[in-house]
Amino acid sequence: MSNVVVMGAQWGDEGKGKIVDLLTRKCDVIVRFQGGNNAGHTVLVGDKQYILHLIPSGILHPGKKCLIGNGVVLDPAVFCREVETLRDKDVDVSPARLMISRKAHVIMPYHKALDVARECHKTNESKIGTTGRGIGPCYEDKMSRIGIRAADLAMPELLRAKIEAALLEKNALLAGLYGGETMTVDAVFDEVMAVAPRVVPHLADVTAEIEAAWAAGQHVMFEGAQGTHLDIDHGTYPFVTSSNTVSGNASAGSGIAPTRLDRIVAIVKAYTTRVGAGPFPTEQLNEAGDYLQQKGHEFGATTGRKRRCGWLDAVVLREAVRLNGPTDIALTKLDVLSGLKELKICTAYEYQGGTITVAPQEQNGMAHVTPVYETMPGWDDDITGCTTWESLPAPTRAYIARIEELTGVRVSLVSVGPERDQTINRGW
């Protein structure tokens, strides 16, 4: 397997965890390149379920090296909890296989406090549905060049000085603007230093580790979080995350040249879901939406929030293709559609008196489109036991073929269930 980027093509929750876990078998190093613990990957291995928020799911494969890149924002306490949980399940999480870029920025207690305070002070119409994990405020400090990086955890004097400088501003915001409680330098410093000794042994030069892997002839996978349409620049702004989720950030977020990337896999759920606020043209607030939500067990791995559900949106997918340039599609949760008499695919939008096939770029423009649907026959068959393309029902194959026609990208992997082996490989 060549060097590959795996990214979500919708609004996150596409099933990246399973596909990453599957493809990990053919690679040696897995790199997480953006986001923080505001995303969750769920992987089912035998009778054990693993939910990972920071650590790449490749850690579940013995002998694979997992790297957290400079584009990630790291909550050290969450990292330590995940390490402990995995260790309790006999997973090797030693620093030799799990490394963190020294350049990764650290989520501080005041970031989380600000995240929650801001959301609480917004009107219902302006709330973006933040997870309250401090992701956005941490990225803000990074861009303002006042952030704390992972390397600082090994330098207590520098860390304390940075905390002291940061709290001059953060306390003014927390107390003066939001009416909240202030934080002391000692309390923040002590909270971070309580976990720092467990994080510091994992610090490394991630770029050098990747280069060393390539020099040894090894294959590297770059694992994205969230989805294309939550991208800070290209998503449904302002209802987006705080990082670039598109494939191009695999390079910047891990410190490698884009010319080293060979394949890009877009993970596409067979229908569409979204968590939290924001436009969702194909959302179904009816029996079809309830069916997808209940059969698909659509609850967020990170927040536990019920996901909004709707029909597949090919306009959204074409935009994802344009932004990411995928070489392959991995189609997930196809089995959830079994039992529906008919399926709908949105192929265009009605917008401002005309028909468009590209998403509008005006702020909240997606909230004012009307989907144009194409209807296809569904199927009653249970496809969870299908292992080949030929064993799938004819309507299922037609649905997949239509996705390929609408996106111009081959569906190379088809997931028909949550288990690792419930995947049809069409020439990956």
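For all residues, glycine too, the Cβ spot is worked out from N, Cα and C.
From the candidate list T24, T236, T241, the residue Swiss-Prot records in the IMP site shared with D13, E14, G15, K16, N38, A39, G40, H41, T131, R145, Q226, R305 is T241.
The candidate set comprises the binding-site residues K18, K306, R307. Of these, K18 has the most other Cβ atoms within 10 Å. When the binding-site residues G12, G40, L334 are screened for a C-alpha within 10 angstroms of the C-alpha of Q226 (IMP binding site), the residues that qualify, in sequence order, are G12, G40. Here the C-alpha separation of G304 (substrate binding site) and G40 (Mg(2+) binding site) works out to 10 Å. Comparing the recorded positions H41, R305 on other C-beta atoms within 10 angstroms of each C-beta gives the minimum for R305.
The number of other CB atoms found within 10 A of the CB of D13 (active site, proton acceptor), across every protein chain shown, is 29. Here is what falls inside 10 Å of the CA of G40 (Mg(2+) binding site) among the recorded positions D13, K18, T131, R305, K306, V416: D13.
Measuring Cα to Cα from G15 (GTP binding site), none of the binding-site residues T131, R305, K306, R307 fall within 10 Å.
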